[in-house]
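Asker: Let me give you the structure first, and then I'll get to my questions.
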């Protein structure tokens with residue numbers, strides 16, 4: 001429990017998407033989660049009640065926009081409205097996984113930009129600030145006119161290898177051209193070169209990679225991406241690296257969506273281990289032998305403390321530190 005008097009006006013609340021992560025964040029911050037209830041009427045309408053006074057408090061609400069994505073975003077919006085009407089002085093939303101982030105541009109005519117719509121809804125609901133981890137596209141920060149603290153899981157993922165002495169003869173692999181920047185940051189942390197899987201059609205999960213740019217033969221290959229959804233791209237990436245002579249292949253991603261038959265694909269894949277974080281709660285039936293889950297609870301807890309204390313959070317922004 002934090003004894004700092006400045007924390008007397010700090011409140012943390014969690015909604016339904018990821019209570020285990022919220023509890024880890026609260027433990028790191030040193031205060032308990034606030035009391036609230038989320039109920040449903042018989043027709044499915046959501047009703048939220050704040051069960052303690054928050055008048056004049058700085059509030060952080062923890063909610064990933066994950067499956068069921070439409071329910072979780074609506075829960076968050078209703079919660080913000082309830083907090084505002086209860087006279088919270090500031091309402092900060094902690095969104096470990098920002099759902100709809102893949103819809104960040106018009107890929108074809110007459111398509112929406114739903115990542116921008118989510119930002120607009122949060123702003124119109126009068127959220128004060130957003131904290132999130134590894135956006136699918138960094139430019140989503142520009143969809144907001146309120147502060148966005150964009151944190152990175154790369155140091156946490158890199159620590160998995162450092163802590164186990166897996167530091168020699170590495171190569172960090174981007175599964176497509178779009179992820180090169182992410183792979184480069186991870187490579188800097190591990191002191192390793194990078195390679196790129198030449199996927200010419202990044203929206204086609206069934207495409208077999210045509211070639212690999214970079215030397216992977218005899219190396220420990222670490223494939224990194226921001227998310228694993230169906231698992232197809234990771235699976236074919238592991239196959240391509242094994243065929244190219246990689247000694248061992250690991251997979252890393254921040255957000256474990258694991259839709260469709262992703263678990264079966266990853267368990268049967270050439271990966272030695274698949275390392276993810278807990279930005280999304282993984283149900284028990286989606287755990288598998290090769291899965292390793294690391295927690296971003298300390299990262300988000302530290303960010304909340306720094307924001308509350310009005311301290312710079314640069315060291316949390318920079319994946320190289």
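For all residues, glycine too, the Cβ spot is worked out from N, Cα and C.
The feature ATP binding site is assigned by Swiss-Prot to 43, 44, 45, 102, 103, with sequence analysis given as support. Swiss-Prot lists 136 with the feature Mg(2+) 1 binding site. Sequence annotations record features per position, and here Swiss-Prot assigns Mg(2+) 2 binding site to 176. For 225, the entry in Swiss-Prot reads D-ribose 5-phosphate binding site, with the evidence type sequence analysis.
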Asker: How big is the Cα-to-Cα gap, in Å, between residue 45 (ATP binding site) and the residue listed as 'Mg(2+) 1 binding site'?
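Answerer: The residue listed as 'Mg(2+) 1 binding site' has its Cα 30 Å from the Cα of residue 45 (ATP binding site).
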Asker: With every protein chain in view, what's the tally of Cβ atoms within 10 Å of the Cβ of residue 103 (ATP binding site), excluding that atom itself?
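Answerer: By my count, 18.
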Asker: Based on Cα distances to residue 225 (D-ribose 5-phosphate binding site), point out the closest of the binding-site residues 102, 103, 176.
Answerer: 176
Asker: To the nearest whole angstrom, what is the C-alpha distance linking residue 103 (ATP binding site) and residue 176 (Mg(2+) 2 binding site)?
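Answerer: Counting only the Cα atoms, the answer is 18 Å.
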Asker: Between the Cα atoms of residue 176 (Mg(2+) 2 binding site) and residue 44 (ATP binding site), find the distance and write it as a whole number of Å.
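Answerer: For residue 176 (Mg(2+) 2 binding site) versus residue 44 (ATP binding site), the Cα atoms are 41 Å apart.
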Asker: Ten-angstrom check, please: count other Cβ atoms within 10 Å of the Cβ of residue 44 (ATP binding site), all chains counted.
Answerer: 7
Asker: Over the residue list 43, 44, 45, 102, 103, recorded for ATP, what is the maximum interresidue Cα distance in Å?
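Answerer: Largest Cα to Cα distance for the ATP-binding set is 30 Å.
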Asker: Sort residue 102 (ATP binding site) into helix, strand or coil using the DSSP assignment.
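Answerer: Looking at the DSSP assignment, residue 102 (ATP binding site) belongs to neither helix nor strand, so coil.
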Asker: Let me know the most crowded of the binding-site residues, choosing from 43, 45, 176, 225 and counting other Cβ atoms within 10 Å.
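Answerer: Counting every other Cβ within 10 Å of each candidate, the maximum falls on 225.
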Asker: Consider the binding-site residues 43, 44, 102 and say which one has the Cα lying nearest the Cα of residue 136 (Mg(2+) 1 binding site).
Answerer: 102
Asker: Quick one: of 102, 136, which of the binding-site residues has the smallest count of other CB atoms within 10 A?
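Answerer: Looking at the binding-site residues 102, 136, the Cβ with the fewest others within 10 Å is that of 102.
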